[in-house]
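Right, one structure below, let's go through it.
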Amino acid sequence: MPELPEVETVRAGLAPVMEGQVIARADVNRPDLRWPFPENMADRLTGATITRLRRRSKYILADLSTEETLLIHLGMSGRMLISGHTVGDFHHPHPVPAKHDHVVFHMGNDARITFNDARRFGAMDLLPTASDSDHWLIRDLGPEPLGNAFDEDYLVAKLKGKNTPIKTALLDQRIVSGLGNIYVCEVLHRAGIHPARKAGRISAARVAKLVPIIRDVLSEAIAAGGSSLRDYKQTDGELGYFQHTFRVYDQEGKICATPDCTRQISRIVQGGRSSFFCPQCQR
Ligand SMILES: [Zn+2]
């Protein structure tokens, strides 16, 4: 499931072929994904120029010349494919349309951007650009983990007295938006905090240290995504899924990556999701 760094990688990969370009035509091949598409979506997109491609949390926001913004959510399995355009040194041929190609953007520069989503947990919506933060998917989101509003004082205040496990608190999108299961596992290992520890029982000093760790873990993953775009080994033009090296996520039974630690990574289930951690390093 794409998390913030993967979504940012997709955004960065799409920007050179979509920003400043007109949508010559949009094919909308079904009435809905997770939710119904907005009314007349194809008509509202056709002829609009994408002035800017932004990201908020795990949503890609394409500002249009029509004063509307197209919100794109990749969901569980959504993929963006670029074809008919040179990205870096690689030319992507137009593929034969596939079964799960639900929306296709034909750009004025001849690039074709295909949203393919086998499980259809993805979403698209159109919202007024001027009031984008009022949208129901956005209005309750906490600050961006890489933004200025997310700092030590903020996180200490938010976690104070909280009886929920720290893992659950960091996944709460109202506290900080865009963090998902994978990167929270990695953050807690780096911070040496057990995922089941009650958030309100962690000292302010240790909570404060989480902020730079969260920024580092996400920034490193975004950098890895960026270099995957430059290498561009994915011949089908698919964006955002690159090789990761995780210290704990999905590493159950492997020896902990901390120097001199010989313990195996454990897994517990919290709120229906797997938490991976080192019982030695994380207390
Ligand atoms: Zn360890």
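From the backbone N, Cα and C atoms, a Cβ is placed for every residue, glycine too.
Annotated features in TrEMBL:
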- 2-122: domain 'Formamidopyrimidine-DNA glycosylase catalytic' (DOMAIN)
- P2: active site, schiff-base intermediate with DNA (ACT_SITE)
- E3: active site, proton donor (ACT_SITE)
- K58: active site, proton donor (ACT_SITE)
- H100, R119, K162: DNA binding site (BINDING)
- 247-283: domain 'FPG-type' (DOMAIN)
- R273: active site, proton donor (ACT_SITE)
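Here the features listed in TrEMBL are painted onto the structure.
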residue	record	DSSP (3 states)
P2	active site, schiff-base intermediate with DNA	coil
K58	active site, proton donor	coil
H100	DNA binding site	coil
R119	DNA binding site	coil
K162	DNA binding site	coil
R273	active site, proton donor	strand
Subject >> Packing count at K58 (active site, proton donor) (other Cβ atoms within 10 Å of its Cβ) >> reply: 23
Subject >> Averaged pLDDT score, the domain 'Formamidopyrimidine-DNA glycosylase catalytic' (2-122) >> reply: 89
Original post:
Looking at the recorded positions K58, R119, K162, R273, which has the shortest Cα distance to P2 (active site, schiff-base intermediate with DNA)?
Top reply: K58
Subject >> Cβ atoms near the residue listed as 'active site, schiff-base intermediate with DNA' (within 10 Å, other residues, all chains) >> reply: 22
Original post:
Which residues of the same chain, at least 6 positions away in sequence, have a Cβ lying under 8 Å from the Cβ of H100 (DNA binding site)?
Top reply: N116, D117, A118, R120
Original post:
Greatest CA-CA distance (Å) over the residues H100, R119, K162 that the record ties to DNA?
Top reply: 42
Original post:
Per residue, counting other C-beta atoms within 10 angstroms of the C-beta, which of the recorded positions R119, K162, R273 reaches the highest number?
Top reply: K162
